[in-house]
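Everything on this sheet refers to the single structure shown next.
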Amino acid sequence: MTEFDNLTWLHGKPQGSGLLKANPEDFVVVEDLGFTPDGEGEHILLRILKNGCNTRFVADALAKFLKIHAREVSFAGQKDKHAVTEQWLCARVPGKEMPDFSAFQLEGCKVLEYARHKRKLRLGALKGNAFTLVLREISDRRDVETRLQAIRDGGVPNYFGAQRFGIGGSNLQGALHWAQSNAPVRDRNKRSFWLSAARSALFNQIVHQRLKKPDFNQVVDGDALQLAGRGSWFVATSEELPELQRRVDEKELMITASLPGSGEWGTQRAALAFEQDAIAQETVLQSLLLREKVEASRRAMLLYPQQLSWNWWDDVTVELRFWLPAGSFATSVVRELINTMGDYAHIAE
């Protein structure tokens with residue numbers, strides 16, 4: 001399995017280095033739910049500003065404040081501890097007066113707004129995230145500037161970031177140990193983290209191998225293609241290749257890569273053979289996903305940061321702004337720009 005730091009770069013390995021997350025204020029994330037609260041219902045949606053707090057810690061503190069079970073507090077996604085983040089949490093508080101959230105006191109955390117909502121906020125139920133990042137101590141401004149232009153046009157690999165695999169790859173190591181020991185894992189969080197890490201690592205490996213090909217973004221017979229911004233996909237046939245290639249070139253369609261698991265992968269013929277060969281040696285992780293009945297799915301191979309802009313504060317400091325769809329990683333954008341330095345460059349929650 002290729003380590004995250006050695007996965008193929010779309011625009012070649014960066015020439016220079018830089019500092020990511022010199023302090024939490026250098027990594028700002030604002031959740032975009034894509035909808036507004038209903039204004040009624042048994043749930044309460046809260047928009048929370050946090051600095052130096054991980055999501056689970058805040059959710060548990062909120063549950064304690066509301067005197068409800070921790071499982072009654074949900075969120076759409078985990079957010080980095082070592083960052084300034086605005087995210088939505090959801091608490092099930094039926095048939096009660098609206099609590100006085102001004103009394104909710106937690107260091108590094110502030111409730112910005114809240115409203116009633118009819119439905120529980122589920123994991124992944126957000127449109128995307130807006131990022132404002134500051135990269136410092138950049139050693140090669142010209143190279144970074146060239147890469148930013150290239151990313152605006154050509155995107156970046158849609159890799160799962162190193163955070164997905166835990167500090168020092170602990171989640172992936174946990175998955176491997178679990179697969180080899182065949183021992184039951186009763187901790188639901190561990191199961192979720194480990195299975196997610198296993199499937200993400202296999203996806204990254206498939207994308208890594210495809211990007212080695214000079215014609216990586218050329219549609220081949222049996223590719224699974226996705227309408228940009230949509231979750232469903234369809235299979236390319238040889239008769240349609242010219243027209244499908246035109247639509248891929250115009251970014252109307254996206255070539256996808258497999259999130260392996262049980263059931264059909266989605267690709268067929270030449271494309272399926274390539275994906276199977278790309279992870280043929282990773283039998284342990286594939287067996288784990290089959291054993292645990294994790295359903296196979298698809299994910300776009302490339303990621304195009306939206307609303308990308310940048311501002312050089314000086315020759316060694318640049319501020320980046322961009323928006324990514326849910327499930328995509330800002331660190332996968334940054335790795336195409338610089339070789340990152342800093343204690344928190346890849347740290348997970």
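Cβ coordinates are placed from backbone N, Cα and C, and glycine is handled just like the others.
These numbers come from a predicted model, not from an experiment.
The record from Swiss-Prot ties Phe27, Phe329 to substrate, and of the options Asn54, Asn129, Asn189, Asn217 it ties Asn129 to that site too. Its own atom aside, the Cβ of Phe329 (substrate binding site) has 20 Cβ atoms within 10 angstroms in the protein chains shown.
Excluding Phe27, Asn129, Phe329 themselves, the residues of that chain whose CB lies within 8 A of the CB mean position for the substrate site are, in sequence, Val29, Asp80, Ala83, Phe131, Leu133, Leu324, Ala330, Thr331. The two recorded residues, Asp80 (active site, nucleophile) and Phe27 (substrate binding site), show a Cα separation of 9 Å. Maximum C-alpha to C-alpha distance over the listed substrate-binding residues Phe27, Asn129, Phe329 is 12 Å.
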